[in-house]
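*Asks:* What TrEMBL records for 1-23 is region 'Disordered'. The compositional bias 'Basic and acidic residues' annotation in TrEMBL covers 1-13. Residues or ranges marked as domain 'Josephin' in TrEMBL: 24-198. Sequence annotations record features per position, and here TrEMBL assigns active site to C37, H147, D162.
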Amino acid sequence: MEPGAKSEAEQGEARSGALGSGAGSKVYHERQRMQFCLLHALNNLMQEKECFTRAELDRIAGNLVLSDPNKDQWTPLSFIFRPHHNVLTGNYDVNVLIRALEARKKKVVWHDRRKGASSINLDAEALVGLMINVSVRRFRGLWNSRHWVAIRNIDGMWFNLDSDLSEPKQFKDKENMVAFLDSILSQGGELMLVLQDE
């Protein structure tokens, strides 16, 4: 995401509580670089530096291209703006997210926005965390793009691990987080549950 651009996740962060100094030392948080928000969101979700690497996500995106039934319709620009990522800046799509997490024995379940965030069982033992995909405005609103954000429970506290934030933000409580997620959904954001695959 561009410097100065605010994602819906960051804009809605005003509803979140401040990060406690004791909790901050336990929370891993990667900051945004270029359009590698999916890479940062995955590492933030897994709470591990280089759990995923750019090389791994590029390889996954490349394998997805090999099985793409529409590759006959590519143009010369398709070598940079590939179907599942931008070769220069990242900007990976949901297919890369799903394959990357499957490689770590996780499964991704799309949340039906019509049910609202309150229908999610946030106490489910299999729930690893949440991934949201939100709209962002760049260049003073002239160009819209998408941004990946991880939300995770760490030691009983829910955190917004948006790589655009200077540090992870702790939600005051579950109700505060549900309201935040409902706001994201109402603005066209996508919400996915990441579950431990059995």
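Cβ atoms here come from the backbone N, Cα and C positions, even for glycine.
Keep in mind that TrEMBL annotations are predicted by a computer and have not been checked by a curator.
Locate each feature and note its surroundings.
*Replies:* Averaged across the domain 'Josephin' (24-198), pLDDT in this predicted model comes to 83.
A simple way to gauge crowding: the CB of C37 (active site) has 29 other CB atoms within 10 angstroms, across all the protein chains here.
Packing around H147 (active site) is summarised by its Cβ count: 26 other Cβ atoms lie within 10 angstroms of its Cβ, all protein chains included.
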*Asks:* Including all protein chains displayed, how many Cβ atoms other than that of D162 (active site) lie within 10 Å of its Cβ?
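*Replies:* Result for D162 (active site): 30 neighbouring Cβ atoms inside 10 Å.
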